[in-house]
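Reading through the structure tokens given below for one structure.
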Amino acid sequence: MQSKTPSLPLGFILFPTLKSPPKTLFFHQIFILILTFLAYASFHASRKPPSIVKSVLGPTVQSNTTSTDTGWTPFNGPEGTHRLGELDLAFLTSYAIGMYFAGHVGDRIDLRLFLVFGMMGSGLLTIIFGFGYWFDVHLFSYFIGVQVVCGFFQSIGWPCVVAVVGNWFGKEKRGLIMGVWSSHIIGSVVASGVLEFGWGWSFLVPGVLVIVVGVIVFCFLVANPDDLGFELVASAKEIEMNVEGGNAVNLEKAESEEAVLLKKEDSDSLAAIGFLEAWKLPGVAPFAFCLFFSKLVAYTFLYWLPFYIRHTAVAGVHLSHKTAGILSTIFDIGGVFGGVLAGFVSDIIDARGVTSVTFLRLSIPTLILYRIYGTVSMVTNIALMFLSGLLVNGPYSLITTAVAADLGTQDLIKGNSRALATVSAIIDGTGSVGAALGPLLAGYISTRGWNSVFFMLIFSTFLGSLFLIRIAKTEIGSMVNEGKWFRSSVT
């Protein structure tokens, strides 16, 4: 009986040469890497505008003892920073809650269609938020409501793209590959570039972008290599190697056993791993709680750094809204290098925990230096901001990509990729709770002074590193034992 051929996206029907053969597995891996990169880069672009427009919506920079207070009601009054923090809380809380459900659903339905659904909803809600500028909306409930719904749509993106990338790439180079893949700076550039035309444009353009990319994903994304036959080819090779030198009866038996195994795996995939079962997997809880604090720090920078730069004089000069927004991308660029470096190092030493702890501990003195010396000159500001982004976003990027994929395909669950989205959602969902609290606390604490905000960030970084101490010690012990084994085997 002939096996059922999985339905492929529309793009493969319009362009049949994309199928394999003649296209190789390597071609499709690169193609998937580009598609998922564009997908989440557009997600990130539609999430970035609130941080870029904060300095426009909120209270303006005070000169002497006066303030023109020409922001956007209801964010420009004495409680303006509080309202902006509450806006972040509304989005990130729904994002965190939605993340848990998104991962659970993503393991059970078509990842491509679910991802596209999230992209379309995110784009539409981002545009609706921007309509507040053109329709002169000043209702706080309007902006809160839009952000809550948008957060649910945004939560679909991460578990879906992590699951797809985890399906297509092996563990050996996963840290480096996902470090490159998770580097997204387009959001800051797009939102800042059109800010001078009115803050609504900073929402409209990214909203349209994520919708356009969603159409491309719908037409070309293949969620699993099985759908193109690559997994079946690999299985056949393994059987051929296992029965090499055997007779035809053994080959026929192996093929029969493989068919039964594939059927059983298909049946098991319908009953994907449960939410509580995923929490009990080794390493999931420590990395999830570490990400809680790591993401608290990262998202405080994500949502408040342009505002901080705008309200903090560099070399005695206050920067413009546009310049502050563009300058904040230096932190994101540092994060790009941090994600790649953390992934590369963790692949080399095969120790995700050690890498994460090292980055987190090094970020503590760096944040202190940035707060003290970042205002001395533009050069020191850029250099320390870059280094801060590298060290803060390194472990955040590593945990949400390679670590999540590793834990979702570990030997205990026999590499069942159906657990990928659930594990990714648990880890990033827990991190997103911290992401929701960070910007909210910054909105309130900043009224007491930015030193208090940086103290919160440094203390959170320290706490995050504590959750991985035991894992790091285990990894170090494993590396030492492997080294001893190597020396003894040589002698």
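The backbone N, Cα and C atoms fix where each Cβ goes, and this holds for glycine too.
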Quiz item: Pick from 176-195, 376-395: which range does TrEMBL record as transmembrane segment?
Solution: 176-195
Self-check item: Interface-richest range of 25-43, 140-169, 325-345 toward the transmembrane segment (201-223), CB pairs under 8 Å
Solution: 25-43
Quiz item: Under 8 Å, at least 3 Cβ pairs, sequence separation 6 or more: does that hold for the transmembrane segment (25-43) versus the transmembrane segment (284-305)?
Solution: no
Exercise. For the transmembrane segment (419-444), could you work out the same-chain residues 6 or more beyond its ends whose Cβ comes under 8 Å from its Cβ atoms?
Key: 81-86, 88-89, 91-93, 95-97, 99-104, 106-107, 111, 155, 158-160, 162-163, 166-167, 272-275, 278-279, 281, 284, 287-289, 291-300, 302-304, 396, 399-400, 403-405, 407-409, 413, 453, 456-457, 460
Quiz prompt | Confidence summary for the domain 'Major facilitator superfamily (MFS) profile' (34-476), mean pLDDT rounded | solution = 80
